[in-house]
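Report on the following structure.
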Amino acid sequence: MDLFSPAKLNLFLKLHGKTSHGFHEMTTLYQVIDFGDRLSLESSSEDSLICNLPELNTPQNLIWKSIQVFRDYTQIYSPVAWRLYKCIPIGSGIGGGSSNAATALYALNQHFQTQLSNDVLQELGKKIGMDVPLFFSLGSALGIGCGEEILSYDNDHRDERYVLYFSDQPVLTKDAFSYVRPEDFSKREECLSLYARNNDLEQSVFRFRKDLEEKKHMLKRIWSPFNAHVRMSGAGATLFVSYSREIETDPSTAKALHATIHNSQGLLVNSLRKYNGWFEHGDNLLATTRQ
């Protein structure tokens with residue numbers, strides 16, 4: 001079994017404060033995209049994981065946590081062999097580890113024909129990581145609480161396209177949240193349309209990653225002719241540009257836009273929706289995770 005393990009973007013992320021347990025409460029709009037990794041699974045005489053990035057061949061890989069959570073729930077202990085081809089950069093804020101964990105849960109459910117419902121898989125995903133439940137949505141979802149409570153959302157931004165800009169240096173999630181200050185918090189809104197399309201974590205990340213702040217200013221300059229919006233995804237370090245597909249209907253504008261993407265070394269991606277059980281896409285893969 002070979003599956004696509006897609007990345008995600010946070011189209012906005014608003015922080016509202018801290019819980020009594022010290023976690024940050026938030027509201028975020030997730031969008032799965034057609035860029036990601038590939039994960040394969042087969043029966044084996046012993047558990048194994050082979051990845052094209054040796055640093056991910058460790059017990060800390062979230063795929064192992066998915067296996068443990070699945071086994072605890074189903075009491076199925078048959079060994080399996082995994083092959084993971086990573087394209088999503090480590091520490092990039094676009095959900096690589098979480099996606100791999102969710103894809104592994106789905107693969108195990110299919111492989112062993114355990115027929116666990118989507119709701120059960122989503123609950124199991126919460127035990128693994130904050131973003132994991134997202135991947136059991138159709139692709140667009142609202143995250144509340146600490147981001148792990150997922151509500152289906154009919155994304156009215158499906159006419160948007162996105163251009164990704166990776167960083168050579170990852171951002172650790174714990175570092176991003178450790179720099180958050182009370183003045184970074186946003187008030188809760190009753191209507192999603194009242195939330196500005198930005199990421200409150202940018203303020204904390206830019207306190208220790210001035211290079212990303214400068215990069216955002218640079219991207220805003222070069223994308224200014226296209227009425228595009230630049231922001232950070234998750235805890236970083238990926239910055240992305242969003243723009244309306246409508247502007248590509250003009251040939252001269254489309255030509256200038258795609259020249260900008262090429263010259264700025266961006267990666268053009270689209271939103272992705274789930275059909276027939278899981279996300280399917282195989283074209284938008286990179287040969288390397290380091291841009």
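Using N, Cα and C of the backbone, Cβ positions are placed for all residues, glycine too.
DSSP gives Lys8 (active site) a strand state. What Swiss-Prot lists as active site is Lys8 (among others).
Among the features that Swiss-Prot reports, ATP binding site is placed at Pro89, Ile90, Gly91, Ser92, Gly93, Ile94, Gly95, Gly96, Gly97, Ser98, Ser99, with the record citing sequence analysis. In the three-state DSSP classification, Pro89 (ATP binding site) falls within coil.
Positions annotated as active site by Swiss-Prot, on the basis of sequence analysis: Asp131 (among others). In the three-state DSSP assignment, the secondary structure recorded for Asp131 (active site) is coil.
Taking only the Cα positions, the spacing between Gly95 (ATP binding site) and Lys8 (active site) is 6 angstrom. Of all Cβ atoms in the shown protein chains, 24 besides its own fall within 10 Å of the Cβ of Gly97 (ATP binding site).
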